[in-house]
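**Student:** First the structure, then my questions, so here it is.
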Amino acid sequence: MIYTGIEYIFVNISFVMFFFVTLLNLINLFYKIDKIDHFSKNSMTIAFFCTTGFLITRYLQTRHLPLGNLYESLMFLSWGFSLLYLILEVRDQIGLSHAVLAPGAMLIHAFATLSLPQQMRSPTLLVPALQSQWLMMHVSAMLISYITLLCGSLLAITLLSLFYGKVGSVTLEHKFEKQSFFFLMNPRKNLWKQTGAENYSYFLISNSRKCQLINCLDKWACQTISLGFSLLTIGILSGAVWANEAWGSYWSWDPKETWALVTWLVYAIYLHTKVDKRKMGEGPAMTASMGFFLVWICFLGVNLLGVGLHNYGWLA
């Protein structure tokens, strides 16, 4: 009973903090206020430790890794989003990750706490198939890969919203700015005379900032997806070994296995298109955006069917 009360406190505080951070970042999109970054970082730190406290409390209750049902997995996802937020807080100087990760953590947390029935949120014993030493390696690798892939895809979606319809393929450091520069300097347009020196300078500065945003988004999306792809590969391989031990077959074309393979192939295509690091365009960003929906299909969608070997304890 005492564990239930502690969990309730941790869950509610973390949800309030996620909501507060999301609100602060939305305000910061329109009104750049220095103190907002400080408050949002501290609030996300509180949310991170509260979610960590929930996971530890659930472990003390069940004596197994808190990844045994949908509720625990979703809470682990929100924990991972908050951790990535704090990591990128240090490394991302532009702050693009804040507006992406904070709403993601809040929505996942809200779905887990407000949408799932009480029965699904209650601690449960592991089904026999999950009572294995492979649980930590396979399930944690898959969930962490989902966290990083979702984060990278959200960054790609943000990039696409800035980039779509502007140019088809640009060289990051030069081409985007050069095109705008020559467009402005085209004597047939007489833009210098029409807009004046002040507007001309403002346009160049604005375009330079947009190019910097696109560069940063592309960099973080590629690096995050690369990490997630590696973890997804480890998760699939460890799952195949575990499946052979539990069910006598490395691969059975279970719905979740099939969609995991489809997701892996889509992100493999994305990384293949990013071999030339100087290039970016709509194609890679759209591929990563497609991966965002595939991850959710793989994580939640196939369980709505109520069939398959991975259906235990979820949405059936």
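Just so you know, glycine gets a Cβ as well, placed from its N, Cα and C.
Below, the features straight out of Swiss-Prot:
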type	residues	note
TRANSMEM	9-29	transmembrane segment
TRANSMEM	39-61	transmembrane segment
TRANSMEM	70-90	transmembrane segment
TRANSMEM	94-114	transmembrane segment
TRANSMEM	143-163	transmembrane segment
TRANSMEM	224-244	transmembrane segment
TRANSMEM	257-271	transmembrane segment
TRANSMEM	289-309	transmembrane segment
**Student:** Any chance the transmembrane segment (94-114) and the transmembrane segment (257-271) are in contact, meaning at least three CB pairs closer than 8 A with a sequence separation of 6+?
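**Tutor:** Contact criterion not met.
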**Student:** Please work out which recorded stretch in 70-90, 143-163, 257-271 has the most C-beta pairs separated by under 8 angstroms from the transmembrane segment (9-29)?
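**Tutor:** Between the stretches 70-90, 143-163, 257-271, 70-90 has the largest tally.
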**Student:** Find the member of 39-61, 70-90, 257-271 that has more C-beta pairs under 8 Å to the transmembrane segment (143-163) than any other listed stretch.
**Tutor:** 70-90
